[in-house]
Amino acid sequence: MYCTSGVLLRSLMAGEGMISTVTHIIIDEVHERDRLSDFMLIVLREALSKYRSLRLILMSATVDAKSYSAYFNNCPVISVPGKQYEVKEYFLEDVLKQTCYMSTEMEKMRGLLEVRKTQAAALEKWTSAVSDSFDAIHLHETSKISTSSSNNEMDAALSEAWSCGSESTFAQVLYLINSENISVDYQHTETGVTALMVAAARGSLDSVEQLLHLGANINLKASNDFRALDWAKKFSRTEISEALQAYATNFEQNATASNEFRTEPGAARKLSEADNELLELYHTSFSDSKIDNNLIVSLIAHIQNENVNRGAILVFLPGYEDIIMLKEQLLLESSRLNQKSKMILLVLHSNMQTSDQRLVFRPTPPNSRKIILSTNIAETSLTIEDVCYVIDTGKVKEKSYNALTGVSQLSTVWISKSCALQRKGRAGRVQSGICYRMYSSVRYEAMPMYPTPEILRTPLQELCLFAKQLAPPNTSIVDFLSRAMDPPSSTVSRSAVSLLKTIDALDTWEDLTDLGHHLVDLPVEPKYGKMLIYALVLKCLDPVLTIVCCLSYRELFIVPSCMADKRRMAATERAKFANGSLSDHMVLLRVFQNWQEARKQGRERQFCNQNFVNAATMEIIMGTRAQVLAQLRASGFIKAKGPLDIKYVNSNSDNWAVVKAALIGGLYPNIARVDREHGVMRTVKEHKVKVHMTSVLSDTASKKAVVENLPTDWIMYEELTKIGRQPYIRTATVVSPITVAVFAGPSKIPFDALSDSHLEGSAGSDSEEEDNGPDQTATLKVDDWATFRTDSETAQLALQLRVKWHSLLSKKLRSNRILNFMEETVINTIVRVLSAEEQALGLSQPSGVGKRPYLMVPDMQAPGRVELCEGLNSDSASSSLGSSDSSQRPKNNSPSPNKGNYDRFNGNAKLFEENSVPNVVSPGSNELQRANCASPFRYFVIKAGQLKNIELSVTHRVWAFLPLTQGRIVQAYKGGKTVILVFSIQGSGHFQGYARLTGDSPVASDLNVPEMIGHQLNPPLPVEWMKRSNIPHHATRHLYNPYNDYAKVQMSRDGQEIEPSVGEALCQLWDTLPWSASSHFNRGPRLNRPNNFNNYKV
């Protein structure tokens, strides 16, 4: 059996029955060190001591064999030599020379190098004097500065700030930036320093924070190549260094000094003087924290024009957005690149459909070359035999996590040497090849030998839940995780366990609660899973599901890093989406809704450009949303029809107050409280926090006076981060006190939850006016931090509502059934109370919150279609129905959970029982409506009552339909479509075959069977059977129907239409799968399966 690590773990979690029947387990590519593989090694090492017949084989081409052998009690190591062809290796300095690459920026910089040398000399005077004492230098004496213009006035202000460093000098700098229209990134004429660099060097933290808020670029360099962070480090400004590093991480600019090219004295001797100068010129004009698409295009053009070998080119890129950007640039340059051979552009990503991934293995036609743009999925998972050239950018998307702050980041980082070796080897699998490194040899030598294990840099809550199910009896979660090959620190593990207890996933004894058992099955982080469960019970699933998928992937917005005015414009656009709701979560929901609307109209690219939205992120979020929805269906939370269907679980989706209640259930304890007495906000861990500058609340809650005017004392937030020592809350939303009182905190009610209050002050928040006397007030306690003072009656009612809610939730978790009358009354009461409280606080109720998402499939080739050349042969001889022009038929674009590779794009892999096809459409797919129009077929599921009816239909070539079903199929038939009927006997667990409707008029028949001519059935219509044999439902588990909210095709009611490409894939199972011999019928001309490369030409 072949499976992913996740599937194997899921099998182990189901019980010991599976492993007791297995003799050998082979794990390949163990060097990748993903968290599921490392976790699985803990489990298997325990199993080896219990099952003596079990043999474990670990394989990799670049593994640290000694470490693995030591971990498994010094097990033997077998080295198997393989045939490896020669692969020549060229680094950045070689690529620049071979391509004669000289960008416009490099041309400009060449002329400025002499000026920079002069500036460096002037700057050396500054720094040399500073080394002794800042106060000893007066730049007015060393610089000839005129005050005849605003620029020269800024030069003077920067010089004065450098020499004096007083608050008044920095106030003058800020005044010129704010009032005199001088750029915040203005560089001193003689030295090249900016205001941010001066503030960092002088240690003015307040000025640094203000300049960052104004959009100062932390990547700018002075004439000595120092950036603001370098200046802070040089003069030991520790607090400012931490602030700049945190800011760089938050905005994913990777602006740390370690990420910038530096030619060390020892390394410089290894390179010629010409190479050093060329690299200096390149790195001065282009930051190596980015991907230089222009250089890659020039290199591909060089390969196209200079090399006779027509082998494929494999380009390694960090992520999907980088693939899209390079793809678009290659299309723009197609005329230049296609002069000697036509290029065939292909994309490889873990979120692509399997059928599309297979395109990279097809042979190319004469005079053509494949150019494959791939993430690290092609590093080890795939071997493409005709690859002769590898272009390695040296980057990968990697998720990091700070357990103390709870902050996760998905950023682009440098790969390790072992990964670089793997990438190089892709070019020498079956023939000699060339590997082009888009980084210097100096950079390569500085890379670590192996990547950091994922278990050390990702949240552990999910693994803690798995550990509880797999750990031996009487073994704590922390102890079990400490047995990993590279164990996380006990502090991090205990923090994860504590959080799981806080959200009620674990009880006091670390046992899984009812909630915890459900969270294990959901493919999102536990806190997001809790939001979804709250949303299901509160019946507001759609908006919460959208917000969860947005939060679980990454930042939707692109933060402009070059121009301060564009940053302010981006903040303005973001505020428009909030529409006065004082909510960043509303922004996420509105962006997705508006993007879908724009995508429906074909203007999604314009929408993304205008609103600074990451188009690639939106596509992946839509795919993630379909996957999570499918898993909720598979878990039984949503039914295909009747009670608990998709409409039922969205009954309250239009109520924003209810949506916020579901969100706060998962976000707790991430709640901030306004201290009105001191005009600050506090959290459980921090006594004074600010709202992050990217939040729509930043303008509202940036000053003490404005904080006091917030309509409520409570704010929920996604994460807490720090810039320097100042903590900031990100992705924040104001919530009403009753929302916190009912939905925040643990389900267990404290014994002192309600008490009389005779105190004049309270540590809790005064969320309501306290005009009553002390004898009439009470204190409502949610936990040790969140308390409320109000009148006794209100406190009692709020506590009763909280008790009712948690009681209802507990019953729902134990038995997923429809609510009874009393439970519905509780939900309706909660909705009315939340709505009334929001209205009383003056919080707006946005319209269209519960708008149902459009039925779209994620287009991993968007934006812009990659068109390929004709002539690539399809190796499929499968047949389909009827006859038509294959170029007009869409391929199978059925979205389904990407169960094996989910963590490739969001870092939150979960374990599924099934390993199905990834969730991406084919290159030529468009919206479902277009696919429906383009296809000559319409597919419908017909539910039969018993097998006898099927046999009679085959014999007499007729079928009697229910009136509603007949209306649908006749309408399709009259529309000129070929109507295909897929039959399934209710409760049989199989599809029995498919037939074609041959007419829309009833036919005379000698059929005299009550089941076929009942009073509820219309007169029979003529059908022609095309296949008749049983296909089990589990064989169709990879097929999800977009026309039925992405439910599996087996979960269809009578008359349910199937999306054409999904219907075609379903019918092809009778041709391709090895079931019992099916009955063939005379069905006329057959439609050959479309060539996957037809109609795609550059």
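Just so it is clear, glycine is given a Cβ too, placed from its N, Cα and C backbone atoms.
Pulled from TrEMBL, these are the features on record:
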- 873-899: compositional bias 'Low complexity' (COMPBIAS)
- 1-81: domain 'Helicase ATP-binding' (DOMAIN)
- 295-471: domain 'Helicase C-terminal' (DOMAIN)
- 937-1070: domain 'YTH' (DOMAIN)
- 755-777: region 'Disordered' (REGION)
- 873-905: region 'Disordered' (REGION)
- 191-223: repeat 'ANK' (REPEAT)
| task | Compute the average pLDDT of the predicted model within the domain 'Helicase ATP-binding' (1-81). | result | 86
| query | Taking DSSP states H, G and I as helix and E and B as strand, how many residues of the domain 'Helicase ATP-binding' (1-81) are helix, strand and coil? | reply | 38 helix, 10 strand, 33 coil
| remark: For the repeat 'ANK' (191-223), the DSSP residue counts stand at 17 helix, 0 strand, 16 coil
| said: Is it possible to list how many residues within the domain 'YTH' (937-1070) are helical, extended or coil according to DSSP? | reply: 40 helix, 44 strand, 50 coil
